[in-house]
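*Asks:* One structure follows; several queries about it will come next.
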């Protein structure tokens, strides 16, 4: 943004603020409603409770719906409780059904019921239908406000329907074609429609190879289909191919972000990385369960080392290299884990044999292990002047890196096999497992070759 | 997909394969060109070199362009080298300019030059313009194939232009409005256009509050704007507001995926998690540099413990808890890191004071540390029957968790302050730093209170 336009923007917002202060409703509406709903929402968030109360009277429930669609769930929950119930219900009815469902999903059952009772019947029915679908499925993110036409209609008729539906439909750029039983039989884009002649029949211009997703499909799979085909909207069907709704690309953009954050959270062993915590207690609640589990795993490592107490008593210097070996095992395991988890998520491994992948990871571990092992052997030799100690640490590191790399790759693969989301195999989790493996190898070898160390 | 449609699909593809075997070009083209370009690309990938050669003769360069736009970069690089140069050049000229640039960016300079020489002049000019922009900026992902109109045109004229441009433009759903100097002054959606009356002027129907991005803007910022406003296309302008190109939502979907993978890679300390490695050497090349750096950091930890050798000689049992304490420090640090890195990436911390964030993380560390510390004190007491040892381990753990949580939050914040991408503060990196911190605290305390341990 240039300096000039920035100044203009500032003035524009000042005018809106002044209009509110002077209670000049007309000027406020003229300026405010010209903003994009996202900017309206940003402005709305700058208001305190009094300001918001004023805005609820200045704006109709329909106008408020646009703002609400651009707020975060927690914000929606707070603001809807401030509104007069009839205003809130009318606003929910004016929102796109999929967005309204997102809001309602956060509220108490009684509250939902009372809003649905006051609401316009049609809107209430649409919302009730959507509330049934399980979270994170195609059904839960689809909308029922779409345009559908019939095969025997002409291009001109179709355009007429489009003009009528345009204000309410979530998108009019893809028009889905259904038969007499509401089964999906084709699709035509608005682009093709405006190029076609007015008297042509839809069935002659539509594509009958239409890609659809089933209503129970996971949202991550839906996102992949949308991304692969570069669609702006995808039809959602039941098992008999009846058209139930559509999913638009803007919802998919949110899904992709959400899934990426989710993978990230799991990787770091936190329940939910993405909501900002207002106080340390809510933050600790999300992290402590994992930490306590990891603490008990850590105690297992400790008790394992405890078994080698005799070895340690004789050669205390062995302790010096525990964090090095355990740490390196954790690092290489995390790397292998990330590659495999991400590969599974993006579908890159499809068609590749698991065996090949495992052999490759073992090879990678062997190469990394050899390089690091040789390095460490010499460093320890020059530092402590004990070649055998260097050899022990180096060789332990080599073995550890091979096994740890394999573990990092195998754990998510096995989880995937058993239909557990491999992203749960978080970094800290694999790190702790690899701690145990590395200690076993290191102290096992030290104990076996004790005579050479003394 | 139902069983029935699955069967139909199989048959359809069998027909295509048979057509190729029988060299029945017409049947092949009829069936194959009816597929979505993404499915064409998937089919193309199933062919061996002979099959591909056949397809290059069956399909025109324009038709091949659609397939090529749906391939991965490495595949494009391989296949383009198989083609006759004139065929390849014509195909590149038929691709959307931004996609063609992506292909050319992977080739040698001479190759690029030779293709550009053979190519149609207009296409070559467009591509050359785009080749100038730095990678990962708005300029590098925009396309120059867009529809623009003037304020004084009527809706009817605009629709006429749209019909003409529809086959070539990357999107026709947003039409950008420019003045005599090609400066961006407004935008109108096709949705608004088809509702408007034919004789209305564009300037009376367009929105003059148009959101644009500047050509040098980072692609991550562009993606955020697109996501916030739910646009299908964004105009790209230079510093004088001249309209240079547009970015469409399908490219942004790819950017969001790419950036998420990138954050993930850095978190796991790998150069690039997302390309599948064909052999262990290429995999090791991406991971070893990080491992070697971490190895040297690990040697620092080792030399640190070495300084406490005397303490260790006296009380060997101390070694038992090294991995537990170091591991927990790493875990809590990783958690705090993930929250802060993700918060910076999604812009969630905007407007919040850093001090508040730091105090909150310290508080979180204190709560987690107290819970884990008390737990460990009693576990060690019951296990080893030594209350003082339990107290030492527990209190060390408490201190360690507070400091490690703070470190996990502070490191990315400081990096962000100095304009370094905080995602580089990878999990393994913070884990190693926290190893050092935890060892210092643990052995420092053990040495100080040695008398009570003996």
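We count from 1, first residue shown onward.
Cβ from N, Cα, C; glycine included.
Heads up, here are the entries from TrEMBL:
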- A:142-205: domain 'CBS' (DOMAIN)
- A:206-262: domain 'CBS' (DOMAIN)
- A:288-305: transmembrane segment (TRANSMEM)
- A:317-341: transmembrane segment (TRANSMEM)
- A:362-383: transmembrane segment (TRANSMEM)
- A:389-415: transmembrane segment (TRANSMEM)
*Asks:* What else in the chain is close to the transmembrane segment (A:362-383), if you only count residues 6 or more beyond its ends and a Cβ gap under 8 Å?
*Replies:* 321, 324, 328, 332, 336, 389-391, 393-395, 397-406
*Asks:* Residues sitting near the transmembrane segment (A:317-341): Cβ under 8 Å, six or more positions beyond its termini, same chain?
*Replies:* 263, 267, 301, 305, 311, 349, 357, 361, 364-365, 368, 372, 376, 380, 384, 389, 393, 396-397, 400-401, 403-409, 411-413, 422-423, 425, 427, 430-435, 437-439, 441-443, 446, 453
*Asks:* Could you give the residue numbers and ranges of same-chain residues that sit at least 6 residues beyond the transmembrane segment (A:389-415) on either side and whose C-beta is under 8 angstroms from one of its C-beta atoms?
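*Replies:* Same-chain residues near the transmembrane segment (A:389-415) but 6 or more away: 317, 321, 324-325, 328-330, 332-337, 339-341, 344, 354, 357-358, 361-362, 364-366, 368-370, 372-381, 421-425, 430, 433-434, 437-438, 441-442, 445-446, 449, 453.
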*Asks:* Going by DSSP assignments with H, G and I as helix and E and B as strand, what are the residue counts for the domain 'CBS' (A:142-205)?
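*Replies:* Per DSSP, the residues of the domain 'CBS' (A:142-205) fall into 21 helix, 18 strand, 25 coil.
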*Asks:* Quick one: average pLDDT across the domain 'CBS' (A:206-262), no decimals.
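*Replies:* Summing pLDDT over the domain 'CBS' (A:206-262) and dividing by its length gives 89.
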*Asks:* Per DSSP, what is the helix/strand/coil residue tally across the domain 'CBS' (A:206-262)?
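*Replies:* Result for the domain 'CBS' (A:206-262), in helix, strand, coil order: 25 helix, 16 strand, 16 coil.
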